[in-house]
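Step one of this worksheet: look at the structure below.
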Amino acid sequence: MKMERKNVWHHRKKEEIEAFSKEYMEFMSKAKTERMTVKEIKRILDESGFVPLEDFAGDPMNMTVYAVNRGKAIAAFRVVDDLKRGLNLVVAHIDSPRLDFKPNPLIEDEQIALFKTHYYGGIKKYHWLSIPLEIHGVLFKNDGTEIEIHIGDKPEDPVFTIPDLLPHLDKEDAKISEKFKGENLMLIAGTIPLSGEEKEAVKTNVLKILNEMYGITEEDFVSGEIEVVPAFSPREVGMDRSLIGAYGQDDRICAYTALRALLSANPEKSIGVIFFDKEEIGSDGNTGAKARFYLKALRQILKMQGAKDSEFVLDEVLENTSVISGDVCAAVNPPYKDVHDLHNAPKLGYGVALVKYTGARGKYSTNDAHAEFVARVRKVLNEQGVIWQVATLGKVDQGGGGTIAKFFAERGSDVIDMGPALLGMHSPFEISSKADLFETYVAYRSLMEKL
């Protein structure tokens, strides 16, 4: 009669969990930005026999294809039947909160060269002070040449940091929003002046080093996207090594588990994954979930299958499609558990979390999954022996947030949010449970096969 929570560690083989976790940590060590994540996912797809959609020339009822959108988003499909029957999709985002270089970032102040940044997504600014940082990104020179920049991820590389104010001089009592200002999030770039240079000699020396390394000039930053991320490798956490600490688990943990599910599932209908950029800032732009790139890919497949009016048929496809919006949620953190309704809050190690709705206040700006669809999902999870739990985003009126679920619901699909719970979400070192990681993979695979 009563609904009881189950601890995953009591029901799964530890060896399975550990093997999956090791591969996940290897993935996370390479997937530090959305561009790097797309490259790694594309590499895995290529090795698994997937081909770019535009290069496919076989049976359109039996396709393993992918489409990349501007190097920042990617969709992959395993088509096994008439697409008009719809698909079972898992969608997620691969951008994470971070710092971005400003268009003209390099300055000198008090003989210290600094990189100016603008934070991206919802961060606590003080998290980013006095920790080692690395930079990754691309610059496009005036002639269109692409230059990749990676500094800080190799043992021999220098790292960067934003030094905090020492406590001895930090006696002023102020609100956090006033004390930690976004404009002050500047990385130390160097302190050695260039010999013979009178004005901004330290800045000029940094530019000289960058020019020697990459052949770039100061103006090239204008057409660049340089991202600042923590210089932390994924690590096992706890005496029992049951947890994983890493940057960017929101939401690359869902992307990885969905990708693995796509590759290992034995589906009865077509399945796919779509990984988006820009979720952390509202899913805007042509690489976010509001964009239409994946719809174009579906239209192309429909045309290959002989659809006469792919636009009309696409509506039918989307209405027949079931979508799992893969996103993380907030696990109960013992010192701060008063922000949760504990009866509806997820715990680490108790399986994948089923989130019927997100939003804020009176369920504003959310997809509230229909009861009929929740029942279908629950049935599959229970029949396949998946360990799951219920989750909401804190107490009513405590705060709120959103996912990409609503954008798929707006196009006619049934959607529900589902993913593992994290501690320290949006921090530079987020914590997940190895058990929940594995159970999320099992859940996504089961739903791809049976939903």
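Using the three backbone atoms N, Cα and C, a Cβ is placed for every residue, glycine included.
Feature annotation from Swiss-Prot assigns Zn(2+) binding site to His93, His168, His426; the stated evidence is sequence analysis. In sequence order, Asp251, Ala255, Phe275, Phe276, Asp277, Lys278, Glu279, Glu280, Ser283, Ala289, Asp327, Ile404 constitute the residues six or more apart from His93 (Zn(2+) binding site) in its chain with CB-CB distances below 8 Å. DSSP assigns His93 (Zn(2+) binding site) to a strand in the three-state reduction.
Proximity of His426 (Zn(2+) binding site) to non-local residues of its own chain (separation of 6 or more, Cβ distance below 8 Å) is seen for Pro97, Gly121, Gly122, Ile123, Lys124, Asp250, given in sequence order.
The Cβ of His168 (Zn(2+) binding site) has 6 other Cβ atoms within 10 Å, all protein chains considered.
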